Structure formats: C-alpha cells, structure tokens
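According to TrEMBL:
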type	residues	note
DOMAIN	1-90	domain 'Peptidase S54 rhomboid'
TRANSMEM	12-36	transmembrane segment
TRANSMEM	48-67	transmembrane segment
TRANSMEM	73-91	transmembrane segment
TRANSMEM	121-143	transmembrane segment
Amino acid sequence: MSGFGGSLLSSLFTASSISVGASGALFGLLGGMLSELLTNWTIYANKFAALLTLIFIIVINLAVGLLPDVDNFAHIGGFVSGFLLGFMLLIRPHFGWVSRESALPRYHSTPVKHKHNICQYILWIAAAILLVVGFTLGLIMLFRGVNANDYCPWCHYLSCIPTSKKSCSSSSTTYCSSSQEGSNVNLSCEGSSRTHSYFLPDATEAQLQELCSQLCS
C-alpha cells in the first residue's frame, strides 16, 4: 500500500519520467514506525529519544531525495501512506489495560478500562478517511491525465533543487516540443504547461537542449 501511494504521487508530478525501486515502500515503513510511536505513546519508556532518532533518520533520507535523478515524490507518497496506515494497523492497547481473561483475581473487582483511549480512536478514523480520500482523488486525477504541477508550481522543488552544477531536468530535447516561426523558436515543456519563445536565427541542437533544460527546471 505504501509503495502504491508513492508510485501514485510520483505519477502525478513526474509523468514524463520513469522510476523504479522499492524506496516508496521503505519510506512507508518509516512512516509506519513514526505513527506507531505516536499512537502507542503510553507504552514506550524512552519516548522522546525514540522520536528524535526517528525524525533524524526521516529528515536525512528525505534530504537525499532532493538530489537530481532521485524520485523524492515516491518517497513522500510512500511515507505519508505508511504514516496513515500505521495509525490503522499498528494500534495497541494503551498502558494500564489488562485483559479480563488473563487478569489475576484481584483485578476482577477493579473498573474495566477501555482497550484503546479516545486519541487512538480519533487517529484511526482520521487516518482511514484521509487514506481513502487521498487514494481516490489521486486515482481520479491520474486517469484523467492531470498534471499536478499545474496546481502546485513550486512542488517540483520537493524532489529536486537545481544548482549551477546540475539541472533537475534532463537535457534531452524529447522533453520539449519546438516550433519554428522565422527567427523565433517556441519551446513547450512536456512535463508542465510552461512555454516560451526565443529569438534564435540559427538555433543549434545544443542551444535547444540547454533552453529546454532551463525551461523545465
């Protein structure tokens, strides 16, 4: 499920690219570990140490996803899916609850405690709603051919931050469609709705590749 969520988000934002691997599912495990820690907070001894360690690992791995040619959208989608699934599948009885069948005789006279507290129930319901709604909307947008970059023009920075040494977009002209009108060349980035007209009397292939890379980054 986490891998599916990662692939779904990646398809919405990077439809013109191909990525493979189990990184989305692995980030789902990190998300599940974080939500399991939060929803079962009362049964842990070193709560804050475990929380800080887990957050540190997550931040480092997401930062690696900002490098060029790494699909960080699959990481983010897998992490969010695993985070929500953890609230639903990894819920445990809270501290102080004792099963009536395995309890000692002296516990039979004490008031019965609920197996799960109210916060666990709220998180379970909220996670289930968000997961179903998110998957449903994502699939609808995917099959309708929606490009999520049109609705979030800055979101591509979540997957890659361009630098002077490396561009986030491939320099191949296959990512841009071009048309010539006299000395003007019109380029359209296929991964987004960006278009631009350039005055190039004698455009070379290298110039078109560089302009396409700048337009799509």
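For all residues, glycine too, the Cβ spot is worked out from N, Cα and C.
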Contact set, same chain, for the transmembrane segment (48-67): CB under 8 Å, 6 or more residues outside the stretch: 27, 30, 33-34, 37, 75-76, 79, 158-161
Number of helical, extended and coil residues in the domain 'Peptidase S54 rhomboid' (1-90), per DSSP: 68 helix, 0 strand, 22 coil
Integer mean pLDDT for the domain 'Peptidase S54 rhomboid' (1-90): 90
